[in-house]
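Peer 1: As annotated by TrEMBL, domain 'G-protein coupled receptors family 1 profile' applies to 41-290. For 27-49, 61-78, 98-120, 141-168, 198-226, 238-261, 273-292, the entry in TrEMBL reads transmembrane segment.
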Amino acid sequence: MAPGNITQVTEFILIGVSDLPELQIPLFLVFLVIYGLTIIGNLGIITLTSVDARLQTPMYFFLRHLAIINFSNSTAIAPKMLINFLVNRKTTSYYECATQLGGFLVFIVAEVLMLAVMAYDRYVAICNPLMYVVVVSRRICLLLVSLTYLYGFSTAIVVTPCVFSVSYCSSNVINHFYCDIMPLLTLSCSDTYVPETIVFISAASNIVCSMTIVLASYFNIVLSILRIQSSEGRRKAFSTCASHMMSVTVFYGTLLFMYLQPRTNYSLDTDKLASVFYTLVIPVLNPMIYSLRNKDVKDALKRLMANPCYFLKPI
């Protein structure tokens, strides 16, 4: 294409989950309910783990930040998505698109790392309980959480400019419901080898390192549980990590489904389906998983419901 014929894109059009007019209102209502439950569930977890004296442990400290990440990740995507269900012209400006992608990357990378941190916490609690207070001290918890957010922010700072360093011209229609990397790069009229390589290395290293920590932690946890003589002891040990195991399985299962499928089978429609799951469905599932399978959280919720002023008392 001759340079004189290039028209630089200044805004993008998001097709959304579906471009069928008759589905816009039903889909709006479905995702409005999902986002509403996400807000209620994650803010509930954040509140309970912040004010209840019995939930002031490293495990619930990390759970609080997982809820913050889930809430933030969903909020980076859902409001714009919901608005687009109700308008005819589903546009987003160039810089708004870049900001959304950056926000999404911060929290999705932070979630990958936070799940690894939580797996390590459970490993220490079950495999080395006598050293738990020392190994997972308040200072270490703050350091791990700070590094998690810092690494997510650093990834966004590196990857987002790479994605938007290529030229976008002619077509500006994104076959997605938010500004994601691959749908954006498919629109580029310039060479995308460098940003695709950076994205692949970043995603692969994040997933491999995180999954290695998770798998190594749970391998040792299972061995430790099997060495416990009493069935009641094994049950109690397993119950302390059952919720996290479910959360990890759902999250990594979705990521592996996306990234391990043959390239010949890749489609943007499949990408959209998986994206709905880990940007909107998982953030609403996590509070349910940790609430329904966690006695401490359920007891804290009962105390709050029975006496809302209970948490206002000095701890």
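Each residue's number is its place along the chain shown, starting with 1.
Placement of Cβ uses the backbone N, Cα and C atoms for every residue, glycine included.
Whatever TrEMBL says is automated annotation, not expert-curated.
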Peer 1: Can you work out which residues elsewhere in the same chain, 6+ from the ends of the transmembrane segment (61-78), have a Cβ less than 8 Å from its Cβ atoms?
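Peer 2: Long-range Cβ neighbours of the transmembrane segment (61-78): 31, 34-35, 38-39, 41-43, 45-46, 49-50, 100, 103-104, 106-108, 110-111, 114-115, 117-118, 121, 141, 144-145, 148, 177-178, 247, 279-280, 282-284, 286-287, 290.
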Peer 1: Let me know the model's mean pLDDT on the domain 'G-protein coupled receptors family 1 profile' (41-290).
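Peer 2: It averages 90.
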Peer 1: Six or more residues out from either end of the transmembrane segment (273-292), which same-chain residues have a Cβ under 8 Å from its Cβ atoms?
Peer 2: 17, 31, 34-35, 37-38, 41-42, 44-45, 63, 66-67, 70-71, 73-74, 77-78, 104, 108, 176-178, 180, 243, 246-247, 250-251, 254-255, 257-258, 298, 301
